[in-house]
Amino acid sequence: MSQPTAVRLFTSESVTEGHPDKICDAISDTILDALLTADPLSRVAVETVVTTGIVHVVGEVRTSGYVEIPQLVRRKLIEIGFTSSDVGFDGRTCGVSVSIGEQSQEIADGVDTSQEARGDGHFEEDDRAGAGDQGLMFGYATNETPEFMPLPIAVAHRLARRLTQVRKEGIVPHLRPDGKTQVTFAYDADDNPSHLDTVVISTQHDPEVDSAWLEVQLREHVIDWVIRDAGLEHLATGEITVLINPSGSFILGGPMGDAGLTGRKIIVDTYGGMARHGGGAFSGKDPSKVDRSAAYAMRWVAKNIVAAGLADRAEVQVAYAIGRAKPVGLYVETFDTAREGLTDEQIQAAVSQVFDLRPAAIIRELDLLRPIYAQTAAYGHFGRTDLDLPWEATNRTGRLREALGLK
């Protein structure tokens with residue numbers, strides 16, 4: 001069957017938990033979770049670097065708790081599947097170096113006592129905590145999937161999660177932890193997905209694997225499985241270009257193949273390039289860092305806008321100044337998809353009325369002082385159908401509609 005005519009093609013990618021950058025994200029967030037368990041008020045900024053045979057953990061921390069970082073690092077590496085130098089890393093024998101200092105007192109002072117609280121003494125309790133840095137954060141939602149995520153990144157993540165699942169459960173033998181997925185969807189003139197055009201999977205494997213056998217296995221147990229599981233058969237009726245390990249063999253992977261670094265997969269972590277990004281990474285940061293907490297809040301806002309039926313797509317931006325509680329900017333864009341009779345400015349005013357975007361309020365409303373972050377380190381922070389994440393709640397739809405005078 002021929003494919004429908006495409007107006008444009010859009011591509012997103014994901015990576016597995018064995019990708020070197022994702023190893024680093026997982027280690028950083030595992031350390032963060034352990035510190036929040038020991039002391040929920042911990043201030044954490046932990047970066048990880050992995051390369052052949054060694055893990056470097058660096059950063060700044062303020063906490064009353066104690067965690068055994070090398071033990072956490074090794075446990076996470078083994079959990080991912082790096083148990084032998086043959087597969088690119090051995091979590092049991094690799095070197096682990098730790099160089100963590102104390103959080104800057106000047107930064108701590110600005111977060112503990114905001115500019116508003118340092119004023120004339122007239123301030124609300126949620127004005128007390130200042131933003132941990134300046135910056136801009138975006139959130140996005142669209143009604144093209146049930147989870148209100150862009151379809152390309154949603155499917156790329158499903159493929160990456162399934163690739164890891166078939167490896168760990170032995171459904172497809174001879175796979176190793178490192179891997180990447182990429183999907184290209186065609187969109188029609190109305191900006192709706194019309195068909196799945198291309199799927200790319202690159203996966204690390206044992207030396208004895210035959211490439212033709214591997215393609216058959218991954219088509220059946222990963223690609224076809226995800227298409228059925230996601231209910232995408234109607235978008236996969238034509239010929240799909242499938243590329244499995246298009247560079248050839250992929251035996252050497254993990255940190256032995258490429259060095260990894262925390263925070264280097266920020267588009268994978270968010271919306272797959274379908275929305276703008278403020279540039280700040282998430283992993284290894286406690287929620288006083290608005291790079292993380294405000295980006296989560298913006299996803300919460302955008303998802304509630306779309307779930308409330310106010311627009312088909314929504315992108316929201318917030319901006320902060322370090323040491324100041326109140327945002328310095330808020331912007332709503334619906335790409336001409338707002339409900340008839342509504343403007344972006346009206347929706348923005350409703351958002352300001354319904355959502356308190358001061359850091360202390362975000363942390364309280366989303367209950368962020370909990371060890372919930374390691375589970376987000378791979379396969380995306382948003383639209384996770386396998387996790388119960390507070391920023392995915394659609395619990396403000398009624399209040400948004402009420403603020404706009406809608407029933």
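Cβ from N, Cα, C; glycine included.
Not measured: the values here are computed from a predicted model.
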L-methionine binding, same site as E60, D258, K289 - Swiss-Prot member from Q103, Q105, Q217, Q317: Q103
Swiss-Prot ATP site partner of D178, G179, K180, D258, R264, K265, A281, K285, selected from H19, H56: H19
Positions on the same chain near the region 'Disordered' (108-131), where near means CB under 8 A and six or more residues out: 43, 62, 288, 290, 294, 320-326, 356, 358-361, 363-364
Alpha-carbon spacing, E47 (K(+) binding site) to H19 (ATP binding site), which is rounded to whole Å: 16
Cα-Cα distance, maximum over H19, D178, G179, K180, D258, R264, K265, A281, K285, record's ATP binders, Å: 25
Candidates E47, E60, D258: member of the binding-site residues with the richest Cβ shell (10 Å): E47
Site of maximum Cβ density within 10 Å, from binding-site residues K285, K289: K285
